[in-house]
Amino acid sequence: MSVHAEQKPWTVPALAEAKRQGRRLAMLTAYDAGFARVMDREGIDLVLVGDSLGMVVQGHDSTLPVTVADMAYHTAAVARVLKQALLVSDLPFQSDATPERALDASVVLLQAGAQMVKLEGAGHKLDVIRFLAARDIPVCSHLGLTPQSVLKLGGFRVQGREAQAAAQLLADAQATVEAGASLLVLECVPTPLAQKITAAVSVPTIGIGAGPHCDGQVLVMHDFLGLDSGHRRPRFVKDFLAEGGSVAGAVRAYAAAVRDGSYPDAEHAYA
Ligand code: KIV
């Protein structure tokens with residue numbers, strides 16, 4: 001059954017309230033109107049137009065070639081059909097290199113229909129988050145494995161395994177929230193660290209390869225539908241199409257599993 005009629009449209013303040021009430025958030029990426037419409041109808045709370053589109057839609061090896069224009073095109077397509085889900089859109093590679101550049105890129109994405117922008121990292125990005133938040137632009141921070149740093153990281157790897165790296169990640173998470181982030185994506189982070197960060201911050205954490213204790217989960221659409229991405233399949237990925245039998249069924253199965261805490265289990269997480 002569609003939850004379309006039951007759920008009020010999500011707002012940014014409602015996300016923090018969901019955390020206070022212990023209501024888990026189900027998020028998926030979408031890049032076009034067709035899939036976004038099904039996600040919206042079947043109870044997905046947040047839709048992310050991720051710069052992962054560089055890999056899964058455009059066929060690149062990384063997210064680095066994605067431009068603000070690419071993001072705006074896909075954001076507009078998704079925005080046209082969402083009725084309930086909150087739309088988050090990625091600031092692509094180096095479009096957030098300075099606060100001013102990030103403001104210009106965010107205006108383009110918000111005018112295309114995004115309700116929040118997501119940016120990767122802490123460090124000098126704290127100034128960017130502060131600058132955007134002070135101008136009433138809702139920001140989602142993305143920490144852990146940050147794909148735009150793939151050249152520096154040397155590959156797509158779990159982050160925060162050593163004690164010092166874990167302490168830094170916790171400090172970064174707190175700093176991004178203090179700077180004004182309203183949501184925090186944690187990618188490829190060991191389960192105990194993600195649990196500690198989730199307990200330490202007032203905003204919802206959304207895990208992807210970060211274990212079951214986050215306030216919500218996100219998956220890339222192609223991964224959750226079991227499509228061959230041409231890359232090694234990460235441990236946390238689960239094929240919900242196999243379980244749900246149709247795209248709508250897969251979305252329902254994913255949303256239900258996120259809400260009741262059965263996904264991700266230990267098999268789909270890093271210890
Ligand atoms: O670009 C993307 O799809 C993302 C998710 C992996 C969180 O950032």
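Even glycines carry a Cβ here, placed using N, Cα and C.
Nobody curates TrEMBL annotations by hand; they come from automatic prediction.
Residues or ranges marked as Mg(2+) binding site by TrEMBL: D51, D90, E120. Annotation comment: TrEMBL describes D51, S52, D90, K118 as 3-methyl-2-oxobutanoate binding site. Taken from TrEMBL, the feature active site, proton acceptor applies to E187.
Listed in chain order, the residues near the Mg(2+) site other than D51, D90, E120 are G50, S52, T63, V66, L91, P92, F93, K118, L119, H142, P147, Q148, each with its Cβ within 8 Å of the site Cβ centroid. Within the set of binding-site residues D51, K118, E120, the entry lying nearest in space to E187 (active site, proton acceptor) is E120 (CA atoms). For D90 (Mg(2+) binding site), the number of other Cβ atoms no farther than 10 Å from its own Cβ, over all displayed protein chains, is 33. Straight-line distance linking the Cα atoms of D90 (Mg(2+) binding site) and K118 (3-methyl-2-oxobutanoate binding site), rounded to a whole number, equals 5 Å. Spacing of D51 (Mg(2+) binding site) relative to K118 (3-methyl-2-oxobutanoate binding site) is 10 Å (Cα to Cα, whole number). Counting other Cβ atoms within 10 Å of each Cβ, the recorded positions D51, E187 show the lowest value at E187. Listed in sequence order, the residues of the same chain lying 6 or more apart from S52 (3-methyl-2-oxobutanoate binding site) and placing their CB within less than 8 Å of its CB are T29, T63, P147, V220. Using a 10 Å Cβ-Cβ cutoff, E120 (Mg(2+) binding site) registers 24 neighbours.
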